[in-house]
Amino acid sequence: MDIPPLAGRTVAMSFCALPVSYLLNQVSAFSQPLFVVLTSALILGLLFLAVYSLSHGEITYDPLYAVFVIFSFTSVVDLVIALQEDGYMMGFMDFYTKEGEPYLRTAHGIFICYWDGTVHYLLYLTMAGAIRKRKRYRNLGLYWLGSFAMSILVFLPGNILGKYSSEMRPTFFLAILYMLVPCWAGVRIFNQSRAPTSYTPDMVQEEQKKSLLQRPADLALIVYLIFAALFTVFRGLVVLDCPTDACFIYIYQYEPYLRDPVAYPKLQMLMYLFYALPFYCLAAYALAFPGCSWLPDWALVFAGAIGQAQFSHMGASMHMRTPFTYRVPEDTWATFFLSNLLLALGPHLLAFRCLWRPAFFLHAALPSSPQDQDKKQQ
């Protein structure tokens, strides 16, 4: 997709986060958690009014435009937080990480901020530009939906269940409202019409007649999905304290981060066990049997979710904020990195396959009879 002309205006509004955060950081009143949450709500409200007044036509055409522009602002804030916590910036968001959301200072929180400040930010700019030019952005929206939902579903419960549960601030309840956004946005994105395809019914039937051996890419993906499902079950058993020797060796020698009391890694593995595992099985079925029209959409959602999850999990496992005893040992770093990288790349290859040649997943229409063709010609 080409870079839309609106990107410049959206970038300008989002980068207002830099002077705003710097000025707020200099005000001593923001050492109180209540002031932090009230100011955060006020800034978001003023930003919405500014977007509404400047881009009323775009919001009328698609209300998600306002969401993408506002979230591009928060993405810059998250990137500033991540860079500051890693020592690349100073004096911008100290007040927020101390009195707003201290759990953003964890390794997992830092990598969530990096993902939001880069991948999500680019998605917001592109989708806002697509709305401006009245173009489709359904595929990008589905990817963002999965990524955003996964980050929220792991991060918010992890804040409650982990060692930072005693440091909850009023800002946490403002973050809970974020859970409503993917629900509303997901309904709107799924209700958008799909991009038209050029496949005729005869082409669809011809593609769906092919056996699995005639589709080596699908066969390879099914093999991958089987191994990914087995690995997901294994890591789920590991975090559930399975007493077998294999689980004991794995959690101490390969992924000790799963024992970290911050609770994010354990919740991540449980999300995989209860949600990713069923998808692996259903996706393998959809690749073997034709006509599963749901797979292309959900493959995009799943790719976004796994991409965000694996980025945060892999980064936090090796970050300096993670205690040394919970970091990946140097002698098993290659095994850890390769296995988790494959787990992240596989869903993206599946989504690419579904978008590349979707005929296998379309509903096959019955071929028209000669009598019907004669009627059409008459």
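Just so you know, glycine gets a Cβ as well, placed from its N, Cα and C.
Taken from Swiss-Prot, the feature domain 'EXPERA 1' applies to 61-186. Taking DSSP states H, G and I as helix and E and B as strand, the domain 'EXPERA 1' (61-186) has 102 helix, 0 strand, 24 coil.
Marked as domain 'EXPERA 2' by Swiss-Prot on the basis of sequence analysis: 217-351. For the domain 'EXPERA 2' (217-351), DSSP puts the residue distribution at 110 helix, 0 strand, 25 coil.
The transmembrane segment feature in Swiss-Prot is assigned to 10-30 (among others); the stated evidence is sequence analysis.
Note on the transmembrane segment (34-54): residues 9, 13, 20, 24, 65-66, 69-70, 73-74, 95-96, 99-100, 169-171, 173-174 of its chain, located 6 or more positions outside it, place their CB under 8 angstroms from a CB of the stretch. Annotated transmembrane segment per Swiss-Prot: 34-54 (among others), in sequence order, evidence recorded as sequence analysis.
Within its own chain, the transmembrane segment (63-83) is flanked in space by residues 10-11, 13-18, 21, 44, 47-48, 51-52, 55, 89, 92-93, 96-97, 104, 110-114, 116-118, 120-121, 124-125, 127-128, 131-132, 141, 181, 185, 188-189, which lie at least six positions past its ends and keep a Cβ under 8 Å from the stretch. Per Swiss-Prot, transmembrane segment is recorded for 63-83 (among others).
Long-range Cβ contacts of the transmembrane segment (110-130) within its own chain (Cβ-Cβ under 8 Å, at least 6 residues beyond either end) map to 1, 3-7, 10-11, 14, 58, 64-65, 68-69, 71-72, 74-76, 78-82, 85-86, 104, 136-137, 140-141, 143-144, 147-148, 151, 155, 307-308, 311-312, 315-316, 319, 321. The annotation transmembrane segment is assigned in Swiss-Prot to 110-130 (among others).
Taken from Swiss-Prot, the feature transmembrane segment applies to 140-160 (among others), supported by sequence analysis.
Long-range contacts of the transmembrane segment (170-190) within the same chain, counting only residues at least 6 positions beyond its ends with a Cβ under 8 Å from a Cβ of the stretch, are 33-34, 36-37, 40-41, 62-64, 67, 96, 100-101, 138, 141-142, 145, 148-149, 152, 156, 159, 297. Per Swiss-Prot, transmembrane segment is recorded for 170-190 (among others).
Per Swiss-Prot, the feature transmembrane segment maps to 219-239 (among others); the stated evidence is sequence analysis.
If you look up Swiss-Prot, you'll see 269-289 (among others) marked as transmembrane segment. Long-range Cβ contacts of the transmembrane segment (269-289) within its own chain (Cβ-Cβ under 8 Å, at least 6 residues beyond either end) map to 150, 153-154, 212, 218, 221-222, 225-226, 228-229, 232-233, 235-236, 238-239, 258, 295, 298-299, 302, 305-306, 309, 350, 361.
Annotation comment: Swiss-Prot describes 291-311 (among others) as transmembrane segment, evidence class sequence analysis. Here the transmembrane segment (291-311) has long-range neighbours at 111-112, 114-115, 119, 139, 142-151, 154, 190, 208, 268, 271-272, 276, 279, 283, 285, 340-341, 343-344, 346-348, 350-351, 354-355, 358, 361-364, meaning same-chain residues at least 6 beyond its ends whose C-beta is under 8 angstroms from one of its own.
The transmembrane segment feature in Swiss-Prot is assigned to 332-352 (among others); the stated evidence is sequence analysis.
Residues 36, 39, 43, 47, 50-51, 68-69, 72-77, 80, 91-96, 99, 121, 124-125, 128-129 of the same chain, all 6+ positions outside the transmembrane segment (10-30), place their C-beta atoms under 8 angstroms from a C-beta of that stretch. Here the transmembrane segment (140-160) has Cβ contacts under 8 Å with residues 1, 64, 103, 108-109, 112, 115-116, 119-120, 123-124, 126-127, 130, 168, 172, 175-176, 178-179, 181-182, 185-186, 189-190, 192, 262-264, 267-268, 271, 297, 300-309, 312, 351 of the same chain, all six or more residues outside its ends. Proximity of distant same-chain residues to the transmembrane segment (219-239), defined by a Cβ-Cβ separation under 8 Å and at least 6 residues beyond the stretch ends, is recorded for 212-213, 246-247, 250-251, 255, 258, 265-266, 269-270, 272-273, 276-277, 280-281, 283-284, 287-288, 339, 342-343, 346, 349-350, 353. Tertiary neighbourhood of the transmembrane segment (332-352): same-chain residues 143, 221, 224-225, 228, 231, 253-255, 283, 296, 299-300, 302-303, 306-307, 310-311, 313-314, 317-318, selected by CB-CB distance under 8 Å and a gap of 6+ residues from either end.
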